[in-house]
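**Student:** Pulled the feature table from Swiss-Prot, pasting it below:
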type	residues	note
TRANSMEM	3-23	transmembrane segment
TRANSMEM	41-61	transmembrane segment
TRANSMEM	86-106	transmembrane segment
TRANSMEM	108-128	transmembrane segment
TRANSMEM	149-171	transmembrane segment
TRANSMEM	184-204	transmembrane segment
TRANSMEM	220-240	transmembrane segment
TRANSMEM	245-265	transmembrane segment
Amino acid sequence: MEMSLLSIVLLGIVEGVTEFLPVSSTGHLILAGEVMKVPQGTETFDIVIQLGAILAVVVLYRERFAAVLAGLGRRDPAAIRFTRNVLVGFLPSAVIGAVAYGAIKAMLNTPIIVAVALILGGIAILVIERLVRSPTCDSVEGMSLRTSFGVGLVQCLSMIPGVSRSGATIMGALTLGVERRTAAEYSFFLAIPTMLGATTLALWKARHELGDAQATAIAIGFVVSFIVAMLVIRWFLGVVTRHGFAPFAWYRIIAGTAALIWLLAR
């Protein structure tokens, strides 16, 4: 993996902007890599820099996480429910990812698949936004085991590049009666164990291949994605509260269509 500094920074920005938006960070990294002609073999880079964006969640919600940890020490029911719901939501992707992720990636990790998934995902968001009414849950602590597990199952769809992990989990949560902002925040929290697991696995598999240049590229991309994600998360919650998810659906459809035309015409 040999990338220019400009490519590393741009990919870090793409990751930081798209990780928590329902637009597929992995899909955008694949398409951006195609446009910038990034060399093959950057999969570990793409996965590990996502952890930079995840760290932004930990920092922004540090007081809430500290309260949960303190509550667990006191056996506080709300803290226990919060932790339980995040872990239950993580379980399906941990199991299915360990078994099937490699095969799915080998078959579907192409720019064409990303473009089609962006379009179909955008249409799905518009449909769900129209159908969902009257949420019954307005907190992560208030989610049932069934809801948490259901969102976790839907998250497995995001193993298909272009689907979007945040998009799948947020739409799954909305469909199961979770309020918009809570659905977005649950998606943020669910990303922590999910991406920690994916990053650990990626680093373990690449442990004999990472040299100084690769490690430096990953470190730069990590820092850039962290800084950008810090700025994007609060903006995203404000947009969702005021306008819902339709703006992101239309973006997906337009971006996916443009990418598909470009890929087929070149």
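Each residue, glycine too, has its Cβ placed from N, Cα and C.
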**Student:** Please determine whether the transmembrane segment (3-23) and the transmembrane segment (149-171) are in contact (criterion: at least three Cβ-Cβ distances under 8 Å, sequence separation 6 or more).
**Tutor:** yes
**Student:** Residue list, the transmembrane segment (245-265) vs rest of chain: Cβ under 8 Å, 6 or more residues beyond ends.
**Tutor:** 21-24, 31, 34, 111-112, 114-119, 121-123, 125-126, 129, 162, 167, 170-171, 180, 239
**Student:** Is it the case that the transmembrane segment (86-106) and the transmembrane segment (220-240) touch, counting contact as three or more CB pairs under 8 Å in which the residues of each pair are 6 or more positions apart?
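**Tutor:** No, these stretches are not in contact.
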**Student:** Relative to the transmembrane segment (220-240), which of 41-61, 108-128, 184-204 accounts for the most Cβ pairs at distances under 8 Å?
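**Tutor:** Most Cβ pairs under 8 Å with the transmembrane segment (220-240) come from 41-61.
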**Student:** Can you work out which residues elsewhere in the same chain, 6+ from the ends of the transmembrane segment (108-128), have a Cβ less than 8 Å from its Cβ atoms?
**Tutor:** 22-24, 26-27, 30-31, 34, 160-164, 167, 171, 174-175, 245-246, 248-253, 255-257, 259-260, 263-264
**Student:** Below 8 angstroms Cβ to Cβ, which residues of this chain, lying six or more residues outside the transmembrane segment (184-204), approach it?
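**Tutor:** Distant Cβ neighbours of the transmembrane segment (184-204) are 19-20, 43-44, 47-48, 50-51, 54, 57-58, 61, 85-87, 89-90, 93-94, 97, 140, 143, 151-152, 155, 165-166, 169-170, 173, 178, 210, 233, 236-237, 240.
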